[in-house]
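First comes the structure, then the notes that go with it.
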């Protein structure tokens, strides 16, 4: 038992240490650098699946018309909304019928109308029967006319120069897919490429903001450098359209973002030169849950998504666990050291609390708790330092808010997350339904078109 605990604890130390070191600027790769604007502008189709998004759709439209890029189209896919989403699209875009062609290569629910904006001729709306997010994305791919496909959530706001950075990265023919950086929309300031503001945010939004900073500027950055990025966020993903068609589009599942990313990895498994990147200079913002109820709904869905893809891709992951970095980290780090560690830790806590059967177990619990507190504290501080190294700053008035949030994360939120991981992993096998997170209904200020680009 002592040997098992020692191995387990060493693994728990190894992966966080690995990511802490590997995310540092010393390990920067050539494809992370940003150069000057280029003359070649690849065509980009932005797909925005929308179901009952009347609380945020105006913000989305304002974001799309503010983009600083000459060769893009936007396709809103209204997935049978039962609220005012389609009426708002009609009102703000002044829609007219369109004969936009469809590829007819992917299966999906019936399309009942295709429209084009009179005000913004590069913006389209496809009205369809409800079929879920994956189905809506497949419809968007069918109508996309450009070489690259960007997928956004309806509450995602792109910064004006984001598509310029995307274009540059995809000039490399080996780049097949990529994820952009995602920040909390509630922290967006009037200078979204430089400043983050915590004014007016509650502790729940702030702790999620820290989660996003840790995820994107530490863990995902490290994994991307290992070519092991298993999740391209549905809030901001970029793909070559041909690759999406060749893998059969999106599968209707609990988590489309993990599923499509692993599909792409499986698609390029035999071509070592092909890449899935994290584009650190392509910045977006997405709205985060503001209540515990919505946070639990979202995070439990994320955990069910992980389990769903673990089951669905078990053959690919198992066969390539020692040959593909993405499979190794997905199984060894995320499953064994992530999920199983939560159950093992909880088990030892219960045993020591109620039975106190062995001093060595109590010692393990104490050491493990110390590890959790220490590494979470280090991770938080590193994430804040990392985001600053990429040009972002917090106001002086946010220092106390940041400190309070770090303390809340280390002593409370970490254990809430552990519970969600355990509950979601088991719940997947009994109930695969998920509930939509409520929008705040808040309208966010969108910046006018700017050619400013964050250069590291």
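Positions of Cβ are set from backbone N, Cα and C atoms, glycine also.
According to TrEMBL, the feature transmembrane segment maps to residues 411-430, out of the candidate ranges 391-410, 411-430.
Feature transmembrane segment, per TrEMBL, maps to range 328-351 of the set 304-327, 328-351. For the transmembrane segment (328-351), the residues of the chain that approach it from at least six positions outside its boundaries are 8, 11-12, 15, 223, 226, 228, 230, 262, 306, 310, 317-318, 321-322, 357, 361, 364-365, 368, 418, 421-422, 425, judged by C-beta separation under 8 angstroms. Predicted-model confidence for the domain 'Glycosyltransferase 2-like' (45-244) is 95, expressed as mean pLDDT.
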